[in-house]
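The annotation transmembrane segment is assigned in TrEMBL to B:7-25, B:69-91, B:100-123, B:147-173, B:194-223, B:252-275. If you look up TrEMBL, you'll see B:65-271 marked as domain 'ABC transmembrane type-1'.
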């Protein structure tokens, strides 16, 4: 049995289901991201773990003991809130020491541990400040230190970086990841930002409408999305409407592609733009590659790459080229090729 | 014309209105305080400090001041203890009846003083609800005196200022954030410890604001002490009214009114300073 | 019965005829300020409406002015530009207006009806507005829930009335009147000392529910809050009738005190002629008779001939008159602060 087990968790509100059926196993020391759009139930799941929301059904086990109905203050979970939730009337040191005071730790010991925790998040010397005198990044570090100092069984991070600017977010991402690794602390990280999920966690659980759509490593999720939702939510894809020929093969823009397709119903082919290459019309492709024809509509320079929009008989698609490589001129007839293994067919959902 | 001049012109009607209906009559009131009163109560126009000297030499003025302060203090504290949980609940509830509940909480504002008195008589009177219940349970043999005395006025006043205090509390709960309480709980504090260490300290500015308002309202309350006091409760407000409308003694009434106004301004200043300190 | 109505109408016309002749040339409006409620209703019906019929050119506006003190306050505030022509109020406050020059003196030349008034009615206002009604302090009681009913002032101290009394304390003039009555009951004289009264009243304090009945003692009895209250005779008689006898009225055999309302002409009245005409009318035998029979205020016009049934319910009945304590309100009013303080410190402070 794993260190942390969620099984069949459900939470309904008056007129909606926040979490429908969530089961998840987390190993000790592992960092798992709950990734999904807003409203998918990821925060509710985290709050159920912390004891801030009572699940309607299901169970939570920690280290073999059931904690489903345990009150929040007995759970020993370190919860870092999106808004940081620092106590405005207490100094940084009192904020960080709060949990230790509640645990009846002696004053000198609290002082020592607080100092240590502040050093860990690189805030030494700011202990007498009030939260409102700190920058957003510093507040974030205080919140982190406050949750870490109690040596929580599980660290719960709720969109913890979303209020920081892009640059600071980058730094904090790496700092949190390295602290998490060095302390070997089991961590659940709620985010809607796939980069955060991909870079900070060992495994990712993609959530969709109150359920986990897919759990796996970053690579699993990205390369082998289990559902249409995962494929479209994680990374960018060309969504190409295709048809089926008499032998059950996919037909795209007039070309037959030997990929397995759903037996019935309408479907699309998902292809990542950066897996596609632009070739002269005359250049042949090796077997195992898909190939369609089109005309270059326009190229957009995005910085680290160039996006080329191509129009063919069946619609449009985008190819991502490394910047530096020469983009074909607008109006040029080209071929677009990609490995068949990167072609993911998903049935079209009823609207 | 600059923008700010135009804005100033916009407040002109309000200023004129205030001058006409508030400042001018108040100055008239001040004027009366320096008149004298003859033996039969006739007012003699004068510029004299005789009335003032009489009012402040009279030990009863001091007694009235203490009575007013004590009554305000007790009813404010009672109202505060009762309003705080109500406001906290209203502040937090997600109930779809929240609006309705808030209206119910401030409803007493809409009830006239006389109706309120008969309501309290029905509850606190010798044959009221409380006494009937206590007697039928065998707790007491003779009725408790709960009305027409200080007890009744304190209860009635606390009730009448509660709606204002609830509104003040709701307005002052700015810093109170549910997430902070959750943070406290997740850090291992029990609900009670969370209340003590987070909710209460963060409510202090609101509590100070509400207490200041309740105190000032209590100090100037006239109807409740008059109607529920049974003629036994003497405070500044009732004395001012009595002097003006029963004794026809305008100079004394005016002098007491100025004195009370000064006292109230002083209290307001203190409460403002306290609230600002707590906010910091 | 057309004949009878005709006779009455003819009779009324005859009575009114001289007035119409005299009133010719009177026009415009006058404003009368006095008490609100049933006083207003009945005064308008029995005094003002007949006056307006007799003087079709004059319109009388009745303005309710609150308590007597509030009325004298209004007149005082309007001193520079009087809006009120006539004010009917308690003698203790009208005397303040007289001293301050708010009211005009009245001469028998202008107001011939003064000659018909009882001496004490003239005396009440001195050279100023005379008494227009006499009332007196009574004990009002719950006839349904009080057995045996009270029969004398001393009954207030009955043990079974503990917690059942509503007593208006000074500075309310009911309280002042009661003080004089209790002093008399105890064998003293308020002019010399009220020590005996205060001592006796102090013993009464624990029996008193409220020293400041609101809205009034009659309502508190009807609502079952108290069983006995101090009150004024006229209103009590009217409430007794209106409630079908639920309220009883007792003129204590130990004696009572007159309450006097005076009728006052505002100095600087803008329609002095009409105001004088109204005062003549208000003090006339007819108006005094009509108002007494309607509301049981004793008349101040000694020549008014009043139904025996009505007069028996006022203090004008001979056996009542004999029980009245002569109180000079102009003297009492100088003692008011002193009595008030003694009540506060010695009577009201006694535990409930």
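Cβ coordinates come from backbone N, Cα and C, glycine included.
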Thinking of Cβ pairs under 8 Å, which stretch from B:7-25, B:69-91, B:100-123, B:147-173, B:252-275 has the most of them with the transmembrane segment (B:194-223)?
B:147-173
Quick one: find which recorded stretch in B:100-123, B:147-173, B:252-275 has the most Cβ pairs under 8 Å with the transmembrane segment (B:69-91).
B:147-173
When you scan the chain for residues with a C-beta under 8 Å from the transmembrane segment (B:252-275), skipping those not six or more beyond its ends, what do you find?
29-33, 37, 51-52, 54-56, 61, 64-65, 68, 172, 205, 208-209, 211-213, 215-216, 219-220, 236-237, 239-241, 243-244
What same-chain residues lie close to the transmembrane segment (B:100-123): Cβ under 8 Å, and 6 or more beyond its ends?
86, 89-90, 93, 129-130, 147, 152, 155-156, 159-160, 162-164, 166-167, 170, 223-224, 227-228
